[in-house]
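A.B. asks: Below, the features straight out of TrEMBL:
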type: DOMAIN; residues: 41-289; note: domain 'G-protein coupled receptors family 1 profile'
type: TRANSMEM; residues: 25-48; note: transmembrane segment
type: TRANSMEM; residues: 60-82; note: transmembrane segment
type: TRANSMEM; residues: 102-120; note: transmembrane segment
type: TRANSMEM; residues: 141-164; note: transmembrane segment
type: TRANSMEM; residues: 196-225; note: transmembrane segment
type: TRANSMEM; residues: 237-260; note: transmembrane segment
type: TRANSMEM; residues: 272-291; note: transmembrane segment
Amino acid sequence: MEETNQTAVMDYVLLGLHGHHDLEVVLFVLCLGIYCMNLLGNSLLMVLIMLDPHLHNPMYFFLSNLSLIDICGTSSFIPLMLTNFLQTRSTISFPACALQMYLTLALGATECLLLAAMAYDRYVAICHPLRYTELMTGQMCMQMAALSWGTGFVNSLLQSILIWRLPFCGHNVINHFFCEILAVLKLACGDISLNALVLMVATTILTVTPLLLICLSYIFILAAIFRVPSASGRRKAFSTCSAHLTVVVIFYGTISFMYLKPKAKNPNVDKIITLFYAAVTPSLNPIIYSLRNAEVKAAVTALLGGEALSTESSGAEYLQAVAGGQGSWRGYVQTGEGSSSTDGHSLVLDAGRAALDLGLSPVRQIRRQPRAADLLGC
């Protein structure tokens, strides 16, 4: 008879803002506009990175991955949620709910790891400019991105397996807009201590650890910037990482506010805060990188002005460079003339000029890292 108490649930009811249909209509309009802005902004940013050879470097490679995460993450739940806003009874099938929970959890963890990879990229660019092409090769960037995606999806698979093996006793009303992992876990009628432990450990490793690595990277970055003698050099150095730092503050700031704030008396308030965190934050990334980055603004200006972004490089060549390996970014190192192929000597000159712009000593950098010139062919 115990099996009858653990009836398999084939459909779930998403409670949302049950009984507040007027507010749901308002949320429908807002979320539709935000979702369209998210799709347009992140898609244009990805296309821009593919077309403009000035953006063919590790920082923008990671940024294109971040844009893809934002598009996939919001698309995993917003379209169905918009449909449910206009219906009196919101339901979702078991396979759709399982897929939705899997994707949102996987992409959230992947974004945390990618932000840490981007912080390491900025650390190498500021603190070790002459070793940048040696350390941040195309192969290294691909490995870091693949590790981020793989870790996020493997963790989500583990969490999903542990949750869906629990008995639910016929409970099928999810008090949320979508199948969020904590909301689904509340439906279980069995022992969830193992789930809570694994979820806490995974959250610490995949969310807190990347944050600590980001903070450590920026401690070294700020220390290097404060050693720059000129004010213009300090501004140039900080401008290369200000956009990423803004994204990190918004991303982790909203997470901290959402989970560390006192629990609201009205549960609908918490659901709306979660909704705006999941929908609004991804749409801000392309805006931040467009407003706070001269290279992106220049590329947008060239694109809107009808100018050819590239006559020597294409998206296919960019992907080939990313997948190349040691020194595969060499053909995309920006020089004073544009983005032509360079040899090892010109790379050292470019790195030396960059070090001088930041007020650093190229001689001191070369002495500290003697293998850089050797690996670049000098």
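Just so it is clear, glycine is given a Cβ too, placed from its N, Cα and C backbone atoms.
Unlike curated records, TrEMBL annotations are generated automatically.
A quick note: this is a predicted structure, and the numbers were derived from the prediction, not measured.
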A.B. asks: Let me spell it out: take the transmembrane segment (141-164), skip the flanking residues so only those 6+ beyond its ends count, and list any with a Cβ under 8 Å from a Cβ in it.
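C.D. replies: Cβ under 8 Å, 6 or more out: 58, 61-62, 65, 98, 101-103, 105-114, 117, 120, 181, 184-185, 188, 194-195, 198-199, 202, 206, 322-323.
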A.B. asks: Per-residue pLDDT averaged over the domain 'G-protein coupled receptors family 1 profile' (41-289) comes to what?
C.D. replies: 88
A.B. asks: Cβ under 8 Å, sequence separation of at least 6 from the ends of the transmembrane segment (25-48): give me the contacting residues as numbers and ranges.
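C.D. replies: Long-range Cβ neighbours of the transmembrane segment (25-48): 17, 55, 63-64, 67-68, 70-71, 74-75, 78-79, 81-82, 85-86, 272, 275, 279-280, 282-283, 285-287, 289-290, 296, 299-300, 303.
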